[in-house]
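Trainee: This is the feature table in TrEMBL:
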BINDING   Asn10, Glu402  Mg(2+) binding site
BINDING   Lys17, His226, Leu227, Gly228, Asn229, Gly230, Asp300, Leu301, Arg302, Gly348, Val349, Gly350, Glu351, Asn352  ATP binding site
BINDING   Arg109  substrate binding site
ACT_SITE  Asp166  active site, proton donor/acceptor
SITE      His198  site 'Transition state stabilizer'
SITE      Arg259  site 'Transition state stabilizer'
Amino acid sequence: MSVVPVLVINSGSSSFKYQLLDMSTERTLASGLVERIGEPVGVARHTVYAASTSAAAGEVTGTPTFLDATRTRELPISDHTAGFAVMLEAFASDGPSLADNPPVAVGHRVVHGGARFFEPTLITPLVEINIDELSVLAPLHNPANLAGILAARRAFPDAPHVAVFDTAFHQTLAPAAYTYAIDADVAASHRIRRYGFHGTSHKFVSEAAAAFVGRPLEDLKQIVFHLGNGASVTAIDGGRSVDTSMGFTPLEGLVMGTRSGDIDPAVLFQLARRGGMTIDDLDDLLNKRSGLLGLAGSNDLRDIRAGIERGDERAVLAFEVYVHRLRTYAGAYLAQLGGADIISFTAGVGENAPHVRAGALETLGFAGVEIDPDRNESPERGIRVISTDASRVTVLVVPTDEELEIARQTLAVSRA
Ligand code: ADP
């Protein structure tokens, strides 16, 4: 079968990540990171993967099984366009050759699609203007995503470029779920509503879960916990997002690595009036100095775990607050859906922290949720069941793969 290369770009303000996939096999061929763009010395890392041919090394799957080589270079990288030139040099020198197999399409992660983009979209100059205009809603993310798009279009002028939006999957939310109960005119004039994020991951995981249990997506009620540094949970009915914990921005909802998640907004009034904090101070507090970091001094759940083992009371409390919030949302979404067929856990914490999974669902026996402790603790990788055979709700761990999902959607749009 001939190779069908699709390049996926995830661009930040001073860095971008890329991944080249062969969509005939859905295998990653290469990935890389270009960072410290605009600083005196930038860094470019390029990794080439080769499929394992030895049965002992495991089956060839969508994820790389054998690491061929990584090369890191340090050099000044003035802007995203220069960064793409560095990436192209890495492909030319370390492979795989883009001259032999140029990408048939380039997919871009775009954080905010507002209420405008509800599906992956072929990028035209008009779409670029819309992404730019949506920077009002995502001032940190959309301009950075757009910088990547513009540079990538210069680097690959002949390939179709496709925008895949983090918010798109949640455009199926009903007004009752996305409307904040504030003055309707104020909300409308500033486009204040819940948008939801991590959509690419929630879509990928819910579809993978349905395929794994061998039932049609349309028939299933699902809850997906995406627990990484950022964390969100989504209620999915028949493949459609009906509620999600992130809102106007990714700050709402669960306790995260550095973000507070849900908080009484009046706390901010108090901190401004009594604590003399500015809007920027408050933004910094809730987005960067809260969550696990704020409670226990580290945003990494492994450190929290180590703290608990040392008897650190702050770590114990941080873990309890984290799990308490998960349980609250699990109950809420069971209620919104009227029960669930599948509950899945994904991302760094969701895939690796059995004590979090157990804690989140511990009290849900009444709703037919029963975790099997041995299955939950098993060090096995890959998609797997962690509920008992008797559990009415199937609980899964599903490794997410946002790049693969972006590549799939990109290919579908470019072929349409
Ligand atoms: P991001 O949201 O940045 O993509 P990830 O999904 O990679 O993040 O999740 C990163 C987080 O996952 C880490 O900060 C850490 O809290 C958690 N994590 C990663 N590995 C483990 C592990 N083995 N055990 C517990 N937590 C882990």
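In case you wondered, yes, glycine gets a Cβ from its N, Cα and C as well.
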Trainee: Which one of the binding-site residues (Asn10, Asn229) has its C-beta surrounded by the most other C-beta atoms within 10 angstroms?
Mentor: Asn10
Trainee: Measuring Cα to Cα, tell me the gap between Glu351 (ATP binding site) and Glu402 (Mg(2+) binding site) in whole angstrom.
Mentor: 14
Trainee: In the structure shown, which of the recorded positions Lys17, Arg109, Arg259 has the fewest Cβ neighbours within 10 Å?
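Mentor: Lys17, out of the recorded positions Lys17, Arg109, Arg259, has the fewest neighbouring Cβ atoms within 10 Å.
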Trainee: For ligand 1, list the recorded positions among Asn10, His198, Leu227, Asn229, Val349 whose CB atom is within a distance below 6 Å of it, in sequence order.
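Mentor: Checked recorded positions vs ligand 1; flagged Asn229, Val349.
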Trainee: Report, as a single number, how many Cβ atoms besides its own are within 10 Å of the Cβ of Asp300 (ATP binding site).
Mentor: 15
Trainee: So which recorded positions are near Glu402 (Mg(2+) binding site), with CA atoms within 10 Å, out of Lys17, Arg259, Asp300, Arg302, Val349?
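Mentor: Cα within 10 Å of Glu402 (Mg(2+) binding site): none.
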Trainee: Looking at the recorded positions listed here (Asn10, Lys17, Asn229, Arg259), whose Cα lies nearest to that of Asp166 (active site, proton donor/acceptor)?
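Mentor: Among Asn10, Lys17, Asn229, Arg259, Asn10.
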Trainee: Who sits close to Leu227 (ATP binding site): which same-chain residues at least 6 apart have their Cβ under 8 Å from its Cβ?
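Mentor: Same-chain residues close to Leu227 (ATP binding site) (Cβ under 8 Å, separated by 6 or more) are Leu254, Leu326, Phe345, Thr346, Ala347, Gly348, Val349, Gly350, Ala353, Val356.
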Trainee: Over all pairs within Lys17, His226, Leu227, Gly228, Asn229, Gly230, Asp300, Leu301, Arg302, Gly348, Val349, Gly350, Glu351, Asn352, the annotated ATP binders, what is the largest Cα to Cα distance, rounded to whole Å?
Mentor: 25
Trainee: Per residue, counting other C-beta atoms within 10 angstroms of the C-beta, which of the recorded positions His198, Arg302 reaches the highest number?
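Mentor: Highest number of other Cβ atoms within 10 Å: His198.
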Trainee: Please report how many Å separate the Cα atom of Arg302 (ATP binding site) from that of His198 (site 'Transition state stabilizer'), as a whole number.
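Mentor: Distance between the two Cα atoms comes out at 22 Å.
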Trainee: For Asp300 (ATP binding site) and Asn10 (Mg(2+) binding site), what Cα-Cα distance in Å is obtained after rounding to a whole number?
Mentor: 23
Trainee: Whole-number Å distance between the CA of Arg109 (substrate binding site) and the CA of Arg259 (site 'Transition state stabilizer')?
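Mentor: With distance taken Cα to Cα, Arg259 (site 'Transition state stabilizer') is 22 Å from Arg109 (substrate binding site).
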